[in-house]
């Protein structure tokens, strides 16, 4: 029984246990199947943000899984994923379970715990995530969030379209305005050469191209309107290579000037045909597109990439182009998605682009694992840091301090004026003490105290510098810090937190200082290192500092203690080639004036020391060619050394064969063996061959379209002795494609307008040739009437620094507007000076001679009569008792010296003594200003005497006038001299038939000084004198109108005499200078010259010879017989020391009418009425003189 029961019990137990076991198996299988069936792991995700997980997450993922998530973003966006949770089976090389992320250019493989918290960015707009698990050992898997992050075109270059189906154009929302000038800048790289290439086009509303930049059979051309403007001499097709290079094009309709900025240098040319076109609005701007030719677009577009295309509606200057940065926005079109319609397939993200955001590479050791299990097998992910101001880079590979600036506004209701920085600092540190992030306070400062309505309450603003010790590579956003502070306990001590804001401290922006040292954008307290210039084997350093006053970042000064400069280079025969290569590399960069001088000096040292073979000579020529690209201002100080170095170079070159030519972009030198026994003359020419950019030399004949031709006559060696002829072995030839090295500081008002060629026979000086050397040189710019002058570079001029000299050279009769032929009786550097200012057209040689004759005759007469006026008033004491006479004496003195200095100026200028010329110019300037000033003082005296209502006594009246009349001009001239003595010097005026200045003159050279101290100064005095002239004439005419004892004719004559008298006394005739412009300029120049050169004569006539009191003094002391005036005449009894106010009537008499026959009795009565200088009179005619 027991056995039976026991058996049934075991059977029941087994059946129930088996059922439960089977049920559990079924449930387990059902759950597994449900997990697998409910999780989709092969999907395409296109939402702007979201997340996905491994199957069954957070439970263990199933075995043998294979999943693929494709995250697709629109063009202009990248994909960013973050591993919120990650746990896979660990294994070396992730050979079992793994996640593979394809970012676009590289793959990253993860397993174990390594990816937890990691953020990755795609390089394009697609990212793929693959997950694979094997048959055993499952973990909980992963949870990944993703989002689309907008990126600018700064990170992307665009592939030039290879088919007409691909259109890269400006968006429809962008309207192209009417363009009469433009600047286009972009970066470009070529992958393959084509016969014709189009880079960009602009078409009008009808689809017709009105602007295109392209390569044609004629080279690089800019198509404007309907004209082709060649820029092949500025930029060749070979300059566009596989390396991305910036390029800017400018155009101005008014001048037809086309500029090209490439490789850090600016070149320009004139395209006159483009001046008639205006680019109409409403056009379509395309990258590539249909150019000006009829070639199929598929065959015409350039093969390569374009980047950072920007357009402005004005033409930038070279200085503006050189200062362009990535942040300079095109005001018509900019490199931004909002301006362009570009297919995503045409864009490529490239971290090497010049304006791309910072790129950081995550190294394999970033995840950090000691055992090696679960470490990434391959991890070469490139992660782009999105350029924002409030996002910390999530891919930081080093534990560095991150700085925040916090602004706290606190209300103090306890102590109004206290500084609570210590209390707030303690509160901040306590707040962050037990936080999960390591944050501490590095500084705090009180910025502002505002008194509120209640006297005991103030609102205070504090700035705090917070430092986050980032030891876990975990982001800390500003909002988290703000939230922490707002939720913190109260500050206490009567302080209440009103508001708080937290901002990530700005980085120090990318900077170039000094030249050649480019510092990348840097985080605060980080020190950057860049290679030294020119020696790049050492580094300079610079630290991004924190301003402790306002907690902003700034760059400290660079530390270049480890760097050495160019002057430290040691030159010897052994290292000459190495030094030359170094200097060529240095000169290929933009050099400052100081650096350029150092390079040229070192080249001169090298040429003097080394043996010059063809290879070394070629390198030296390259250096000088690079120097010639620098600004003319930078070349000025180095030109003498550079030219002498080239001269020495061609003398020392060792060569085999009949000749040697060394070419570069801006300089070509040639040396040819000379057979003195069979020399019958020679022709040397410089030209640019087809499909080349560097000039060449032909020693045998005149090349077609030669830039310069030198023909040496058969009699060239005739003046050499036999011993000299035996030593002659070579003919040297040099062609300079740029003229910056030939800067004449005393250029006679002329401008160099040709290439420069130089030729020599050995190192001998050849001059006084029987037959001249014929030099034919092309002009740099076309001119209808060039008026050329042939000159050569004379090293003996200007203290041996060199200058232009025309001795022994003349212009050939077969010269034209494009080329000039020079005939010279010696050999040296030759060029053509040309009057490009067109000043010679205003006054021709004939008129210039006439004006010069009038000026010298007039100034001589004026000086004589100014002296006569002065002597008259000095000789007769009674004439100089009144104020007007004393003022007139000062004015006559000033005019006398002005005319005398002017007459001596041209003669003294011919002595070529700089100090003497400066002295003469200073005195001429001074006496011109004193003349203006005393004319102004004349009008001021009239104002005081005529306009003031009551009698006036001014203490030391004439002394004060003298201080102003002589002191103000002296102060002005003194200031000019103190600022720069070079403001004065010798200049040339007028032009002769040979283009030379016909008149040497010591005068003001600086136009700013001239216009400020002469033109502006005189303008002020002139306007004042005009106003006074009008007032005086109104008073005189009003008085004359009340007189009934004169006829109308007499009144008119008296008024006319007053007008003429005042006109010359107040210098009104100097105003003719304001009208010497345009077609009437010559007429007013004659009027100006005649009247102003004779001003002293007119003053003598009207204010001395025709004055009745002067005539009486002359008659009394200088005449005899009947003409002599008796001593007992009315005049001899009349006092003249009048110090009262002049009536309008008497003023008119004293200035004009009294000189033309006013009665003696009338004048005498007026004088007697005012004998007492301090008496008060009710009579309106009382006077103050």
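Keep in mind that glycine also has a Cβ here, set from the backbone N, Cα and C atoms.
Swiss-Prot annotates 97, 134, 136, 137 as Ca(2+)-binding residues; of 87, 89, 90, the candidate listed for that same site is 89. Within the list 763, 890, the entry that Swiss-Prot describes as N-linked glycosylation site is 763. In Swiss-Prot, the transmembrane segment annotation falls on 1058-1080 of the listed ranges 1035-1057, 1058-1080, 1127-1149.
Judged by Swiss-Prot topology annotation, residue 776 lies on the same membrane side as residue 909.
Residue ranges 1014-1034, 1161-1181 are listed, and Swiss-Prot annotates 1014-1034 among them as transmembrane segment. Summarising the environment of residue 544 (disulfide bond), the number of other Cβ atoms within 10 Å of its Cβ, over all protein chains shown, is 22. When the Cα of residue 613 (N-linked glycosylation site) is compared against those of the recorded positions 539, 790, 809, 824, the shortest separation belongs to 824. Secondary structure at residue 719 (N-linked glycosylation site), as computed by DSSP, is coil. For residue 41 (disulfide bond), the Cβ neighbour count at a 10 Å cut-off comes to 18, with all displayed protein chains included.
The residues of the domain 'CUB' (41-149), classed with DSSP into helix (H, G, I), strand (E, B) and coil, number 3 helix, 55 strand, 51 coil. When the recorded positions 68, 229, 508, 680, 763 are compared by Cα distance to residue 818 (N-linked glycosylation site), the shortest distance belongs to 229.
Taken as a whole, the domain 'CUB' (41-149) shows an average pLDDT of 88 in this prediction. If you take the Cα of residue 824 (disulfide bond) and the Cα of residue 544 (disulfide bond), they are about 63 angstrom apart, rounded to a whole number. Checked against residue 248 (disulfide bond) by C-alpha proximity, the recorded positions 470, 532, 563, 691, 719 yield 691 as the nearest. In this structure, of the disulfide-bonded residues 248, 563, the smallest number of CB atoms within 10 A of the CB marks 563. In the structure shown, the C-beta of 470 has more C-beta neighbours within 10 angstroms than that of any other entry among the glycosylation sites 470, 680, 719.
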